[in-house]
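**Student:** Right, I'll just put the structure down here and ask away after.
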Amino acid sequence: MALAGLCALLACCWGPAAVLATAAGDVDPSKELECKLKSITVSALPFLRENDLSIMHSPSASEPKLLFSVRNDFPGEMVVVDDLENTELPYFVLEISGNTEDIPLVRWRQQWLENGTLLFHIHHQDGAPSLPGQDPTEEPQHESAEEELRILHISVMGGMIALLLSILCLVMILYTRRRWCKRRRVPQPQKSASAEAANEIHYIPSVLIGGHGRESLRNARVQGHNSSGTLSIRETPILDGYEYDITDLRHHLQRECMNGGEDFASQVTRTLDSLQGCNEKSGMDLTPGSDNAKLSLMNKYKDNIIATSPVDSNHQQATLLSHTSSSQRKRINNKARAGSAFLNPEGDSGTEAENDPQLTFYTDPSRSRRRSRVGSPRSPVNKTTLTLISITSCVIGLVCSSHVNCPLVVKITLHVPEHLIADGSRFILLEGSQLDASDWLNPAQVVLFSQQNSSGPWAMDLCARRLLDPCEHQCDPETGRREHRAAGECLCYEGYMKDPVHKHLCIRNEWGTNQGPWPYTIFQRGFDLVLGEQPSDKIFRFTYTLGEGMWLPLSKSFVIPPAELAINPSAKCKTDMTVMEDAVEVREELMTSSSFDSLEVLLDSFGPVRDCSKDNGGCSKNFRCISDRKLDSTGCVCPSGLSPMKDSSGCYDRHIGVDCSDGFNGGCEQLCLQQMAPFPDDPTLYNILMFCGCIEDYKLGVDGRSCQLITETCPEGSDCGESRELPMNQTLFGEMFFGYNNHSKEVAAGQVLKGTFRQNNFARGLDQQLPDGLVVATVPLENQCLEEISEPTPDPDFLTGMVNFSEVSGYPVLQHWKVRSVMYHIKLNQVAISQALSNALHSLDGATSRADFVALLDQFGNHYIQEAIYGFEESCSIWYPNKQVQRRLWLEYEDISKGNSPSDESEERERDPKVLTFPEYITSLSDSGTKHMAAGVRMECHSKGRCPSSCPLCHVTSSPDTPAEPVLLEVTKAAPIYELVTNNQTQRLLQEATMSSLWCSGTGDVIEDWCRCDSTAFGADGLPTCAPLPQPVLRLSTVHEPSSTLVVLEWEHSEPPIGVQIVDYLLRQEKVTDRMDHSKVETETVLSFVDDIISGAKSPCAMPSQVPDKQLTTISLIIRCLEPDTIYMFTLWGVDNTGRRSRPSDVIVKTPCPVVDDVKAQEIADKIYNLFNGYTSGKEQQTAYNTLLDLGSPTLHRVLYHYNQHYESFGEFTWRCEDELGPRKAGLILSQLGDLSSWCNGLLQEPKISLRRSSLKYLGCRYSEIKPYGLDWAELSRDLRKTCEEQTLSIPYNDYGDSKEI
């Protein structure tokens, strides 16, 4: 019944709404109430055309042109975007959001004010009269009718909401009253013993009387004008033969009502009966003989049993009627007060009736107090109550959500050309709305006002107008008003102060105390915010917004973010370090003012790390206290030469003894002892010496850690335990047990592997016993002795540095000769760590610094040898003054060796297998005194081991009685030393130290393909120095000698796979003016290989000849436009991606003398003789003068030489010129002879000067953009094919005397 009433109530609520909607027309109500967004574009063209359109096309477009006054009476932000070209017209974009009924209320108007201001006002429909230029939005035709219906609709719905809320509050009040009322049981009426014996009281559980039954019972009682009382018991009693006093019961019920319904509150829930009050109870008809009440109770019980119990209804009805018909007394018609009739009309009261529907009659009065779970005060809310509350809340929410008006918001976006808005423009916004200048790249100095409503006063917003210099931390508008400032004052957070130059920025001035290690020890890779690289020049301290305290940018464009930041720190850091194309110098002055020249200066600004004046600064044992703040120091450091113990309780020498605090008792089997050893030079400092010991009756083993019983006897008197480890440095093939450095290709000093001789290990041809696990393979004799001789090449040492090049002799030549005898292949099968390495590793664990691991690698190497070859090797290097000498000696050697060497079939070959080697021939020339054949020839020889007697090619022979001692020739297979470590943590740290030692000089960590340098590995310029930058060696080309105007330079491109990324090479060219002092230069030119040479920017005088590819790493460069007979100095640097430069490499060379065509000079000499012979006319004189004047100094020298050689009998050249041309003209011609140096003058007097030409290929590149940070050197040759084409250049040379054989 209650749910039906609720449904009817909802129907009443929604009914008028539907009628109103229908009366308004055939319009969908949901469409009328939905939120919509409408965008309108408003152009300023009409007003600019009517007034002064010429301001948009002014030549000085960079200056502000127009004053704006924009006012918005609606809530919504104002956005200014200067994204238009200077020739485009400004326009407004209005984004109106709200109900469809509210959007037409928005009006706007544009007006040109007298002071030249463009006014744009957004206002309400009724907020301003209709003015010219006022544009309305679209309005529906029946707006007034809809407005009235909307008001009526809202009124009806408001009444429904209030009614529903009242019902809900009433239910909650009654529920609260029932919960806090104390339950009380009414005393049962007394009855006689005869009635107790003759009749039996049957109790029907109240849960069996469902909601429909109780409702019908109530209706029957009301219709019959009869009332019945209620007993405050859980079950409804049916009294058979019960006699009672009606007056007493009536008084009891009246007391119950006057007591506030305590028994009423003890029922399960509330019912609609409770709304009838106590008047109904007091008006009940309790007169005996009320048959209507009796029949109503029987019908009620019948209906309830049929609805809730599967028991046969006929049987139940018969049982009940037998009781009612046999009784002649009056019974009280009781109605259960359970609230399930209202809360659960379907009959589900939430009790055990569903689980146990069988009807039970109780005859024991004490059992009638069975309680229902629904009526338990611990669970007062059942499913029905929750359902009612949910339905009510849902209906209220539905009604409210369907009638909540969308707020009317108007967002204005002003699109203008750059610099169009003039300073002094004003914007008036509602309070709470903001001006968005994020897309306003060049904001003007505008004035902002805020107003509470469209008619309220304007208040100047001093903080919001700070568009050009927004406050970094916070803004105080009140201070600006009090001091009459144009903008609000910027304030800084606690611990910060204003920058002295930029008042709107803040710098930190309080850093607090830090006792302990410097908290920012991790240097992450720095990133250029544009290119993503790692250069740096200075160190700064700034804060970032992740709460970590500080970060250390290393330059204004390169930052080092902490580990928590992403690769692009500008997206998350509140700094002015952002470097963009349009904002490079955002905070340069501020950074300069707060910069530090070095990391030490930065750390000193934070004060001392500890107070060492008392109690050693809190440092324990033999730690020294230092107050200087270091990046990786806690203020407690160990004395020099000592390392901290694993528990940091003291310092010890890790090279001596053990560490008792390592958690493993120092590796000692029994005792680990400590002893204080003072320093001899400073008694205040001492070393904690730790060593192993044994208890009584035990002695220390040979390993210094194990203990053995003193009484223990060993067989045959030998030592107990493992066999003693022997040093392997005096053993054959002993290098196999030592460490190896795979970079330097040298054997380390420390023994890595244990060598024992417990097994009889011998090899064929060797008398000595070999260590255990060593496998030796002997190479056959016919494959042992091999000779190698290289092709003669220019001496590389001559081609670099100070090059004493002579165009007469050319390059000196170097040739290598080598004989190698590989005798044994050695392999190590068994690997066991030596005691020395074991002791060193045992002192290292996760708490040890990288420096300790690097020291171990320096001692034991980074690899251990697995396979190697042994034998004998002899090498000789032979230098020749030029290639002609080498050619003559080699041809002579071939003739001699072929003529004097015995044939393979002769008996002499068998008797004396010795053959003549080329080094022996060179030695014989020196010994025989044939100086003219060996002038300028020298030879140096080196040997490894002793030459075996089976090899006839050895230059230095040894006595046949001396046994051959094979030496280590080459390590063919090696493994990292960290693979020998079993502890995972120690192995990982040793591997990291190995990588750091190989690529980062031991002062940085390898991160992917780059080195993260330690704080101590930064140079004076602030650049990292841990990854050594390879030095390119600049040299003259080995193929093309310098000419009079051209030099070919080359170098090898070398880039390690980790730590360094070469991005460019810089070449400096200087002209030396003083031949004795090369520091005096006249001109200087610096060229970038990437930007100037291969890009084609300066290709006329510098051209690439060869670039690297996948096979070759040589870079060859052609330098043209040089002056003959001039000293030039070329300097080369390599540049990596951090901006570092490698150590320079120099080449100082003098260009050859000017090239002359001797054939042409002789022809000119013949021509001059013919002109001067006999009578010389004026025309012939002028021809001779013009010819000689245009020759130039070198050719004039050769003309003079040939003229005097052939025609001196008719007069010397100088005299003939003066006689034929006159002194003045002859002086002008002969003055050119002094332009050359004495060296070139001497060369031009050679009787024979030949001219030859050499072809040189080069790359002619047209201009293109080369990105150095994305340069792939291995693919450079392929990439340049797109912009460069191969061309040929002809180079002239002079050969003085006999022609060279190049």
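Note that the numbers count up from 1, one per residue, in the order the chain is shown.
In case you wondered, yes, glycine gets a Cβ from its N, Cα and C as well.
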**Student:** Would you mind telling me which of 384-402, 403-421, 840-858 Swiss-Prot tags as transmembrane segment?
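**Tutor:** Here Swiss-Prot associates transmembrane segment with the stretch 384-402.
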**Student:** Test of record reading: of Asn226, Asn742, which one does Swiss-Prot tag as N-linked glycosylation site?
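**Tutor:** Checking Swiss-Prot against Asn226, Asn742, the N-linked glycosylation site entry points to Asn742.
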**Student:** Between Cys876, Cys1011, Cys1013, Cys1026, work out which one Swiss-Prot annotates as bonded to Cys941 by a disulfide.
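**Tutor:** Of the listed candidates, Swiss-Prot names Cys876 as the partner.
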**Student:** Are there any residues at least 6 positions away along the chain from Cys707 (disulfide bond) with a Cβ closer than 8 Å to its Cβ? List them or say none.
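**Tutor:** Glu669, Gln670, Cys694, Ile695, Tyr698, Lys699, Leu700, Gly701 - these are the non-local Cβ neighbours of Cys707 (disulfide bond), listed in sequence order.
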**Student:** What subset of the disulfide-bonded residues Cys625, Cys672, Cys1101, Cys1153 lies within 10 angstroms of Cys638 (disulfide bond) at the C-alpha level?
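**Tutor:** Passing the 10 Å Cα cut: Cys625.
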**Student:** Restricting to the same chain and to sequence separations of six or more, state which residues have a Cβ under 8 Å from that of Cys506 (disulfide bond).
**Tutor:** Glu472, His473, Cys490, Cys492, Tyr493, Tyr496, Met497, Lys498, Asp499
**Student:** So how many other Cβ atoms are close to Cys672 (disulfide bond), meaning within 10 Å of its Cβ?
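**Tutor:** For Cys672 (disulfide bond), the 10 Å Cβ neighbour count is 21.
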**Student:** As a quick check of your reading of DSSP, tell me how many residues in the domain 'Fibronectin type-III' (1030-1145) are helical, how many are strand and how many are coil.
**Tutor:** 5 helix, 50 strand, 61 coil
**Student:** Taking only the disulfide-bonded residues Cys625, Cys660, Cys672, which one has a CA atom nearest to the CA atom of Cys1121 (disulfide bond)?
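**Tutor:** Nearest candidate: Cys625.
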**Student:** Closest of the disulfide-bonded residues to Cys1153 (disulfide bond), Cα to Cα, picking from Cys612, Cys1000, Cys1011, Cys1261?
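**Tutor:** Result for Cys1153 (disulfide bond): the nearest of the disulfide-bonded residues is Cys1261.
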**Student:** Hey, does DSSP put Cys1240 (disulfide bond) in a helix, a strand, or just coil?
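**Tutor:** Assignment for Cys1240 (disulfide bond) reads helix.
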**Student:** Work out how many Å separate Cys612 (disulfide bond) and Cys651 (disulfide bond) at their Cα atoms, rounded off.
**Tutor:** 18
**Student:** Report, in whole Å, the straight Cα-to-Cα distance of Cys1000 (disulfide bond) from Cys1026 (disulfide bond).
**Tutor:** 5
**Student:** Work out how many Å separate Cys941 (disulfide bond) and Cys1261 (disulfide bond) at their Cα atoms, rounded off.
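**Tutor:** The separation of the Cα atoms works out to 47 Å.
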**Student:** For Cys625 (disulfide bond) and Cys651 (disulfide bond), determine the Cα separation and express it in whole Å.
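**Tutor:** If we compare the Cα positions of Cys625 (disulfide bond) and Cys651 (disulfide bond), the gap is 13 Å.
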**Student:** Can you grab the distance from Cys1013 (disulfide bond) over to Cys785 (disulfide bond)? Cα atoms, rounded to a whole Å.
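**Tutor:** Counting only the Cα atoms, the answer is 49 Å.
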